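Peer 1: Next up is a structure, given as structure tokens.
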Amino acid sequence: MAASVRILGIDPGSRVTGFGVIDVRGRDHFYVASGCIKTPADAPLADRIAVIVRHIGEVVAVYKPQQAAVEQVFVNVNPASTLMLGQARGAALAALVSHKLPVSEYTALQVKQAVVGKGKAAKEQVQHMVVQMLGLSGTPQADAADGLAVALTHALRNHGLASRLNPSGMQVKRGRFQ
């Protein structure tokens, strides 16, 4: 039987950071946990970052993932929002690295393509596919579903057929090894 790998996926946000934990055994994906880390909207930025770092540390301590994946920041129309999102993402990365976890990063487009099959998918489509892929009985909150989608993306890109066919680490682009 294939060894199990536990992956923590993070969807960073300055107000709500979603997380999802899955186990991967061979080609199968199993739900472990998911949730949202909510920061007080009226708190100073340093306090909000501390909440993110502390809670991600708690998730790592409880679920003991072996790998982590984080969604990359997209550039928003509002520079202040983009900066705050980047700081929340930095807090998440710092928390993961401080626990010596290997971290991979994926764009929102890569996550949507991996989970739904198209990069322009709506949040509801991502939630639906997360439920289907993990056999969940209910629909997780949007941010938690995004965290699970990031973990699934990492699993599909690194523990799927392409990685077994290509152990040398070559990249696959447009269906071809490069």
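For all residues, glycine too, the Cβ spot is worked out from N, Cα and C.
Pasting the feature list from Swiss-Prot:
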BINDING   Asp11, Asp143  Mg(2+) 1 binding site
ACT_SITE  Asp11  active site
BINDING   Glu71  Mg(2+) 2 binding site
ACT_SITE  Glu71  active site
ACT_SITE  Asp143  active site
Peer 1: With an 8 Å cut-off on Cβ-Cβ distance and a minimum sequence separation of at least 6, pull the same-chain contacts of Asp143 (Mg(2+) 1 binding site), or say none.
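Peer 2: Counting only residues 6 or more apart in sequence, the Cβ neighbours of Asp143 (Mg(2+) 1 binding site) under 8 Å are Asp11, Gly13, Val16, Thr17, Gly18, Cys36.
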Peer 1: Report the member of Asp11, Glu71 (the binding-site residues) whose C-beta atom has the most other C-beta atoms within 10 angstroms.
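Peer 2: Selected residue: Asp11.
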Peer 1: Helix, strand or coil by DSSP: which one applies to Asp143 (Mg(2+) 1 binding site)?
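Peer 2: Looking at the DSSP assignment, Asp143 (Mg(2+) 1 binding site) belongs to a helix.
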Peer 1: Quick check: in three-state DSSP terms, what is Glu71 (Mg(2+) 2 binding site)?
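Peer 2: Looking at the DSSP assignment, Glu71 (Mg(2+) 2 binding site) belongs to a strand.
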